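First comes the structure, then the notes that go with it.
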Amino acid sequence: MPRRRPVRSNRQMAGSGSDGTEDSDSSAEREPTNSSESDGNMPKRQRLTRASTRLSQSSQDTPDLKRAADQDESPPLTPTGNAPSSESELDISSPNASHDESQTKDQASRDSEKDMSHRPKRRRCHETYNFNMKCPTPGCNSLGHLTGKHERHFAVSGCPLYHNLSADECKVKAISREKQEEEVKAQEESNSRHATRHQTPSSKQTRYKEQVAEMRKGRNSGLQKEQKEKHMEHRQTHSNTREPLLENITSEYDLELFRKAQARASEDLEKLRIQGQITEGSNMIKTILFGRYELDTWYHSPYPEEYARLGRLYVCEFCLKYMKSQTILRRHMAKCVWKHPPGDEVYRKGAISVFEVDGKKNKIYCQNLCLLAKLFLDHKTLYYDVEPFLFYVMTEADNTGCHLVGYFSKEKNSFLNYNVSCILTMPQYMRQGFGKMLIDFSYLLSKVEEKVGSPERPLSDLGLISYRSYWKEVLLRYMYNFQGKEISIKEISQETAVNPVDIVSTLQSLQMLKYWKGKHLVLKRQDLIDEWKAKEIKRGNSNKTIDPSSLKWTPPKGT
């Protein structure tokens, strides 16, 4: 008889997680134990051995118990939606099993039904997710879908009630659209078989074109008085919770085209939700209204769900408070007393200022700043734990206040001497030199501290491009002013406050570092230096540079 594998190794294989810990013993696939067996004083190894022994005994008669159990019910769910491992998932087979395969399957099905008849059924992962969510439209029960192809919906994009329709009307429209699409597809196939390069329209196509032109004649006619009153009453009753009435505003043909586009967009969002690429209600912020700009977002930010599901967010550009509607924003701006970030102004030259904001003293402002930055940064993970950081916020002033240009955060105590933890330039100020100013300001602080700084890794794609450009400019300026014959990486690092690793990587990218006769040599490429100097002359006396004499700052003590 073949030797069996030790019970403990089977348990470790089935129940151990990625972190090396074992799953709970109270798995839904295990038979209920007596109170004496489940007592907390009993050793853990003894409980595991009894459970594994029962499975080994039952597997001699039912080698396909796992397969039958999987057909009867779905696996138990963890809070993350994954099915945990259990002893019943092991493929334990007896070497003495000599039953016929069909008899074994029938016996396994009967045993599994008998064993699981007293247990409640569990919903699958997607069913639990769907029934726990609710459409945000007031008065909607989440039944039906704008496409007419789904039984439920969970976002405004698929809500029939929001679009002033019913679930049955959506199904009828879906059937009508499918018939039209089939007719158009058949017509296109027929035309492709007889297509010529200069084919004249057929009589059917000509008649259809005349019908469309006839239907579109009344699209510019104004609404009658009764229709206007109906539209205004609908708007006042439902405000932004319903779509405005669209009937009689344009032709029926154009309105139907718009309805088809809405249904297609809703279907695309539904496919993305099913695939898990988006979670409707938590990742739907597409635009934000920020000051006089309307900005398209790039990434997901963990705003509260009641705000994130709106699609558009309204943010005060001074205190960074986020709101649900433009009316609330307008009322807030009328009484908001903030005109610049909280904290100390440590730099000012012209209209450009930099404020030092302590994450411990101004926690709410810094949290709102991090949430705002996450909409445009992919690698950012810090949102709420802002107390260990200092935030340096750059602004541009005019007669209305100091407008947010960008910021970078910095650890109060960095073991690796990172001078930047997270850096962002607002989209409306990108490609104007402000990003390089923020980087230069961070290295200016490192020089005052008499330290060598470096940004925290990993850098985003845009961040790496900005830092590469800055390091290149610093090295070429240093070599342009250097008059000696021997150059040292250490001396460059001490004068520029740039980490030696960043200097070496930049020299390698510029092909200015060579290995010759056992030594590393720095090549002074005059063509690159001349090119940089020409750009400097062309740029002239730009105000997009940091002036060290305008800095009024001393390193914080006790941090």
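Just so it is clear, glycine is given a Cβ too, placed from its N, Cα and C backbone atoms.
These come from TrEMBL:
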ACT_SITE  GLU456  active site, proton donor/acceptor
COMPBIAS  49-62  compositional bias 'Polar residues'
COMPBIAS  79-97  compositional bias 'Polar residues'
COMPBIAS  98-118  compositional bias 'Basic and acidic residues'
COMPBIAS  181-192  compositional bias 'Basic and acidic residues'
COMPBIAS  207-217  compositional bias 'Basic and acidic residues'
COMPBIAS  225-240  compositional bias 'Basic and acidic residues'
DOMAIN    280-555  domain 'MYST-type HAT'
REGION    1-125  region 'Disordered'
REGION    181-240  region 'Disordered'
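Within the chain carrying the compositional bias 'Basic and acidic residues' (225-240), a Cβ under 8 angstroms from the stretch's Cβ atoms is held by residues 248, 325, all 6 or more beyond its ends. With DSSP classes pooled into helix, strand and coil, the tally for the compositional bias 'Basic and acidic residues' (225-240) is 16 helix, 0 strand, 0 coil.
In sequence order, LEU416, TYR418, VAL420, SER421, CYS422 are the residues near GLU456 (active site, proton donor/acceptor), counting only same-chain partners six or more apart with C-beta under 8 A.
Helix, strand and coil counts under DSSP for the compositional bias 'Basic and acidic residues' (207-217) come to 10 helix, 0 strand, 1 coil. Across the domain 'MYST-type HAT' (280-555), the model assigns an average pLDDT of 89.
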